[in-house]
Structures are given as structure tokens and as C-alpha cells.
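Data first, discussion second: the structure below is written as C-alpha cells.
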Amino acid sequence: MSVYQSAARILKDALEKKGAVKTLVYSSDEKDKRKLFALVCETLKYKTSLFKILKETNLLNTYGWNEETCKEVFTVSDDIDYKYLALPLLYDYLYGKGLGKAGRIRSLITKHKGLVLKTFSKLKTEKEISDVIDHKVNKSSLPRYVRVNTLKATQDDIINRFQQEGWFLKTDYEPSLYCKVLKSLTESEFLVDPVIPGLLAFPPGTDFHSHYLNDSGAVILQDRASCFPAFILNPPPGSHVVDCCAAPGNKTTQLAAIMNNEGKILAFDLSKERLVTLQEFINKGEVTNTTVRCADFMTIDPTIKGCESVEYILVDPSCSGSGIAERRNELTDDVRSTAKKRLRKLSRFQSLLLQHALSFPSAKKVVYSTCSVHEEENEQVVEEVSQKFQDKFQLEYILPEWTMRGKDGYNCSKFCLRLDTNQHFTNGFFVACFVLKSENCNSQLVNDINSEQLDEDMPTNNNHKKKRKLSPSPSPSRKDNGISDECEVKKEKKSKKKSKKKKHLSDDEESIENNQTHVEIKKHTKKKHKKKHLSDDEEIKEHSKKKKKKNKHSSKNLEVSENEDDNVEIDSSIPKNKKKKKKKSHLIYE
Ligand SMILES: C[S@@+](CC[C@H](N)C(=O)[O-])C[C@H]1O[C@@H](n2cnc3c(N)ncnc32)[C@H](O)[C@@H]1O
């Protein structure tokens with residue numbers, strides 16, 4: 001079935017308010033879910049005009065659009081409503097990429113192209129469909145952010161590459177005026193972010209999706225706001241990290257870059273489909289320190305081997321997505337996202353997830369983030385959890401120079417950080433950071449704040465560790481990292497076999513296998529290993545299976561869905577040297 005038929009189904013359900021677009025897309029059978037999601041979202045944005053064109057052309061009553069003739073040309077599932085099938089086809093024909101790749105189904109439109117084009121231009125002239133143009137402007141009003149994947153290239157390499165293409169790096173401005181300059185970028189200018197290391201900003205509407213640097217994984221297209229959580233967690237190379245809700249993986253790859261691929265990341269997510277994307281990101285970005293696990297994080301026992309040593313945890317759970325700028329329009333779930341009942345449910349789920357993370361015995365730094373603007377999902381969660389865990393954890397006063405803090409009226413407000421679309425030209429976002437009371441974690445704690453110190457902790461974008469250079473020509477990504485990792489693991493196993501008398505399999509023996517779903521961690525083949533001989537990951541897996549059955553707090557029981565799509569993300573702070581402290585500065589960078 002073509003993507004247009006899948007889109008037709010989803011458009012119908014979305015417009016009849018049977019579910020959120022994201023959920024509908026991810027539960028569909030369509031292979032290329034990203035493509036489907038984009039097609040549905042774009043079509044919805046133009047729906048008023050598309051319906052007008054449909055009505056004016058009377059297209060559905062023209063030859064070719066009845067069931068019989070359609071079925072002569074291609075297979076259309078019985079449950080497809082032709083009205084909704086026309087919408088994505090018309091969208092691609094008039095506004096999108098054209099119908100070049102639509103196959104025979106394109107004839108439904110191209111057979112009548114004279115009529116369609118004439119009607120389109122007539123309605124435009126009569127300003128009947130001017131709303132379309134407005135929408136396009138809104139849609140692309142945010143800058144295009146690009147994170148340098150420091151596992152594959154240095155910031156300087158990437159800047160050079162863009163300069164060679166004719167881009168001009170703007171540096172002649174006061175750092176405190178960054179956001180103003182950002183707003184007025186000309187077509188060929190770009191900027192280096194003053195807060196997030198390795199983040200570049202290009203003018204709104206710049207499309208790098210098919211750029212070779214993106215294809216090769218040397219850069220990642222990630223929104224500015226979504227770079228903050230990993231940047232704030234800042235796990236040192238060699239540390240042990242958990243990313244509780246990892247897919248599609250922008251923050252996981254950012255964490256790996258911060259850690260310079262040293263140490264271990266355990267990346268959990270409930271969604272197999274989304275983990276496929278995560279695995280692709282990992283392969284493309286040459287991330288080698290991450291183990292991916294399809295599991296409900298709530299079912300993971302924090303005390304079992306493999307988890308008991310985890311020190312840094314990122315909690316970036318599903319949320320309403322109300323901060324995502326592109327979503328704030330008539331077609332998405334705004335009504336749904338603000339429904340009190342739904343927010344309460346999300347809030348409860350987020351709180352339990354955060355509490356679970358804080359119960360990891362070695363946890364010393366836990367960052368909580370959402371791309372929601374609602375207090376229920378942000379300050380209220382942090383307030384409740386910080387009170388419950390006040391004996392062990394306290395909130396860190398993150399990025400003191402950042403003036404937009406949490407919403408007033410909570411004890412936690414000033415320790416939280418918010419990003420706002422109008423002020424910061426990025427998606428609406430929320431971040432808070434818990435640190436172990438006895439830990440200093442390289443930064444000020446709630447109790448330590450004093451005004452003189454505020455200027456001193458400002459990180460700069462100079463603290464990049466130099467990475468290997470980009471090859472002179474665009475570097476192809478490693479094709480199937482999962483498989484090559486497996487080979488390496490096998491070799492290692494062989495050599496170890498001779499001398500091995502260990503009871504437990506070591507962590508190094510774990511590998512991510514590209515099995516059917518590409519996400520399950522490889523099972524060790526030796527059947528004779530009993531439970532007590534399981535590797536860390538197998539132990540986690542076993543435990544998770546058991547706990548799933550009985551855990552009444554399993555997030556599935558909470559029936560929470562959405563927003564799983566804060567999927568514009570990026571990389572950040574590579575410490576210059578493990579032992580050296582971060583550079584400080586006195587900038588105000590908002
Ligand atoms: C906002 S998205 C995460 C985005 C991700 N951190 C990134 O940067 O790309 C939330 C994710 O949480 C996952 N999720 C929801 N409930 C979960 C649970 N109980 N355990 C693990 N993952 C969960 C969803 O499948 C979704 O992929």
C-alpha cells in the first residue's frame with residue numbers, strides 16, 4: 001500500500017479526532033513512519049485550502065475517482081475514504097515534492113491536472129487560499145539548528161565545510177545580543193550558539209535534510225532547546241549513564257558525544273519502532289558506548305547488576321508536546337494536549353518515572369526535561385518529587401545566567417529553566433536537575449547560590465575536545481554498525497574464551513544486534529549460562545520481563561501516550577579534558 005493510502009487513513013482518524021497524529025502514525029503498518037508523519041502533518045496544515053480545491057474542482061466526481069476505475073489502476077484498500085486519499089495527493093502535487101514518486105496512483109491527480117492547476121491559481125488570485133501562504137511563514141519561523149557530531153568531526157571542520165559552500169559565519173556581534181542577531185540572520189549567514197557547544201544556527205527554512213553532512217552523521221539536525229538536557233547532565237567520559245526514554249535518540253547520541261564514547265549508556269524505550277530510528281542514529285553517528293533496550297523503564301530494577309552503578313540519568317519522558325512550535329496550530333492536538341485529565345495522567349506518569357530514576361542506588365545527577373509548556377508536567381512534577389526525595393537529592397541551580405526560570409509559585413521555580421519560542425527562537429522546553437546532596441557535580445547547588453558566583457559558571461562554546469578531522473570528501477557512514485559491533489564482540493569472545501573462567505559475562509560482551517526490530521540486545525548463545533551467570537543486560541532483561549507482569553506502576557498501566565516527538569535535537573558539551581574544569585565566562589546569552 002502506498003504512503004498516500006496510509007496517510008488517507010490517518011487523516012480521516014485525525015480529523016475525526018480519533019487520536020493524535022503521532023500515535024496514529026506510529027501504530028500504522030507503514031514502514032517509513034517519518035515520511036508518513038511529515039506527509040500527514042503537511043497535508044493537515046494545508047487542509048482548508050485542499051478541501052476548497054477539492055470542492056471547487058469537484059474532483060471526486062470526475063472520471064477516475066470512483067471505486068471501480070480506481071481499482072483498475074491500483075489497489076486501494078476497501079476502507080480508504082477517497083476524500084482523504086485526495087488530500088495528500090493534492091498536497092504533494094501543489095505544495096510538496098510533486099507526485100514523481102507516487103507510482104500509478106498519481107494519475108488520479110495528473111489526469112485532471114489542467115482542472116486542478118486552473119482552480120488552484122483561481123483560488124489564489126481570489127485570495128481564497130491565502131491562508132496557505134501565512135502558514136508556510138509560521139512553519140519555518142524557527143532557525144535551522146545543526147549540532148556537530150563531535151564523534152565524527154570538530155566544530156571547526158564543520159564550520160569550514162559550510163563556509164566552503166558559501167555560508168558566512170557571523171561573529172561581529174555582542175554575545176548578549178545573540179537572540180536579536182539570530183532573529184535577523186540574512187539568507188547566507190549562520191551563528192555559533194553561545195551556550196550549547198557545537199550547535200550552529202542557520203536561517204529559518206534552511207533545509208539540510210539531504211545535506212551530505214547530515215547523511216554522513218557528521219551533523220545532527222536538532223532543535224536548540226532539546227540540546228539542553230544532555231548538556232546539563234554532562235556525564236564525564238567513562239561514566240555510567242541511563243537514558244530512560246531514549247528514542248528517537250537525539251539526546252542519546254549527544255550524551256555519547258559528551259562522553260567521547262567512553263563509559264556506558266543504557267538507552268531504554270518502550271517503542272520498538274522508535275528504537276529502530278535510535279539504532280540508525282547510533283550507527284550513523286558512530287556511537288559505540290550505548291546499549292539499546294526495548295523496555296518499560298518503570299519495570300527496570302535499579303538494584304540489579306548493570307543498573308546499580310548508574311550515576312547519571314536523563315529523564316525525558318513522553319509529554320503533551322505543547323512546547324513544539326510547529327504543533328501549535330489548528331491541526332494538532334492542542335485541545336487534547338491541554339485537557340486537564342490528560343495533563344494529570346501525564347503528570348503522574350512523569351512523576352513516577354522521575355522517582356524511579358532517583359531510586360537508582362548510585363544516581364548522583366538526574367536531569368528531567370519536557371517539551372511541554374504546562375506547569376502540570378513541569379514545575380508540579382519537580383516540586384512533588386523534590387519534596388519526596390529531599391533527604392537525598394537537591395535541585396541544582398542550573399545555568400544561573402539563564403533568566404527564564406520556572407513558573408512562579410513553586411519552591412523549585414528558580415532552579416528550573418524554561419525555553420520559550422518567542423524569546424529564544426526554539427521550541428518551548430523545561431529542564432530541572434537533581435543532584436545527590438553529598439555530591440558537588442562540578443556546579444553550584446541550591447544552598448550554595450550567591451550572587452558573586454552567578455557569573456562564573458557560564459559555560460562557553462570553546463570547550464570542545466579536538467576530534468579527529470573529517471576526511472577530505474564527505475565521509476560515508478558505517479553501514480551496519482550493529483553487525484560490525486557484533487563481529488568485534490565475537491572476536492573478543494573467542495580470545496577471552498581460552499582464559500575465561502569468569503562466572504559472569506562481562507559488559508564488553510554485550511552487543512546490540514540488528515535483529516528484526518534492530519533493538520533487542522543480543523542474547524548470549526551459551527545455553528548453559530544460568531540466571532546467575534547472566535550478563536548485566538540479560539539480567540536487566542530477565543528482571544524487566546518478570547517485573548512487567550507484576551509492576552502495578554508500569555507506565556503502560558497509566559495509558560500515557562504522546563509527545564514522543566521532541567525529535568529535533570542535538571549534541572553538545574565535550575569537556576576539553578576530563579581532568580580540567582569547564583571554561584567559565586560572564587556572558588548573558590539569552
Ligand atoms: C520525548 S520522547 C524522548 C525523546 C528522546 N529523549 C530524544 O531525545 O530523542 C519520549 C519517549 O519516551 C518513550 N516512553 C514512554 N514511556 C516509556 C516508559 N515507561 N519506558 C521507556 N520509554 C518510554 C516513548 O516511546 C518516547 O520515545
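Glycine is no exception: its Cβ is also placed from the backbone N, Cα and C atoms.
Fair warning: this is a prediction, and the values are worked out from it, not measured in the lab.
According to TrEMBL, the active site, nucleophile annotation covers Cys371. According to TrEMBL, the S-adenosyl-L-methionine binding site annotation covers Cys245, Ala246, Ala247, Pro248, Gly249, Asn250, Lys251, Asp269, Asp296, Asp316. Annotation comment: TrEMBL describes 477-491 as compositional bias 'Basic and acidic residues'. Positions annotated as compositional bias 'Basic residues' by TrEMBL: 492-504, 521-533, 543-555, 576-590. Marked as domain 'SAM-dependent MTase RsmB/NOP-type' by TrEMBL: 134-437. Residues annotated as region 'Disordered' in TrEMBL: 452-590.
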Cα separation, Lys251 (S-adenosyl-L-methionine binding site) to the residue listed as 'active site, nucleophile' (Å, whole number): 13
Diameter of the S-adenosyl-L-methionine binding set by C-alpha atoms, the set being Cys245, Ala246, Ala247, Pro248, Gly249, Asn250, Lys251, Asp269, Asp296, Asp316, in angstrom: 19
Of Cys245, Ala247 (the binding-site residues), the residue whose Cβ has the fewest other Cβ atoms within 10 Å: Cys245
Neighbour tally for Asp296 (S-adenosyl-L-methionine binding site), based on other Cβ positions within 10 Å of its Cβ: 20
Integer mean pLDDT for the domain 'SAM-dependent MTase RsmB/NOP-type' (134-437): 92
Lys251 (S-adenosyl-L-methionine binding site) CB neighbourhood, other CB atoms within 10 A: 29
